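One structure below.
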Amino acid sequence: MRSIQIAIDGPASSGKSTVAKIIAKNLGYTYLDTGAMYRCATYLALKNKLTKDQVPSLLEELETHPISFSKGDDGSQRVFLGGDDVTLAIRQNDVTNNVSWVSALPEVREELVAQQQRIAATGGIVMDGRDIGTVVLPDADLKIFLIASVEERALRRFKENQEKGIPSDLETLKEEIAARDFKDSNRKVSPLRAADDAITFDTTGVSIDGVVAFISEKANEILDK
Ligand code: DC
């Protein structure tokens, strides 16, 4: 059976990664969390106290500490920078609050997009991010753009943080999500926006199973053609 490319874009905490992981598993495809890659670049920038004026040093850090993914003992995805497991570190507040400026750097985007395209070339893929349908995989067979209200997304992130033991406050999360939406949507390079041929789906009040069912149906329609 032929394999397809599925691009899932949308703002922070719109449920992209949760559903993308499930769909990839069901289809036996690779799942690529591109947000984790921008978080890795941000982690390296903070660790090395680099500013936006030191892009060559950041690119060098990315080269000497390649980003890779593997499965942990419990089946969950682990993120590595060189030999270091940074799965939890890249979800901490300092990384979250700095990822917008790092992901707005054109040279960083160029490098990470090239890596993403190389991974996609290996076979069936479900990729989630902000610019997958518009820039990374413009020819993806299925493009989904997930949205949800700021309130619902803040609540989702609050619960996620609680599970991971990351301290957070709901009101602050709402402000941070709204601020990140604004920055992601208004940056010059590859802003967050739905591709013209993407299907927009509002997940407010919809269960994870409901979103998975919707996307799976669309994927099956393409695969059955
Ligand atoms: O999906 P996330 O919240 O983990 O993503 C973290 C940040 O990375 C997000 O605020 C914007 C950036 N990002 C991006 O610019 N392009 C992508 N394809 C994925 C994420």
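Just so you know, glycine gets a Cβ as well, placed from its N, Cα and C.
Caution: TrEMBL annotation is automatic and unverified by curators.
Sequence annotations record features per position, and here TrEMBL assigns ATP binding site to GLY10, PRO11, ALA12, SER13, SER14, GLY15, LYS16, SER17, THR18. Neighbour density for THR18 (ATP binding site): within 10 A of its CB lie 17 other CB atoms from the protein chains shown. THR18 (ATP binding site) carries a helical DSSP state (H, G or I).
Taken from TrEMBL, the feature domain 'Cytidylate kinase' covers 6-220.
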| note | Result for ligand 1 contact check over binding-site residues GLY10, ALA12, SER14, THR18 with Cβ cutoff under 6 A is ALA12
| Taking the centroid of the Cβ atoms of GLY10, PRO11, ALA12, SER13, SER14, GLY15, LYS16, SER17, THR18 as the ATP site, which other residues of that chain lie with their Cβ within 8 Å of it, listed in sequence order? | ASP128, LEU146, ALA148, ARG153, ARG156
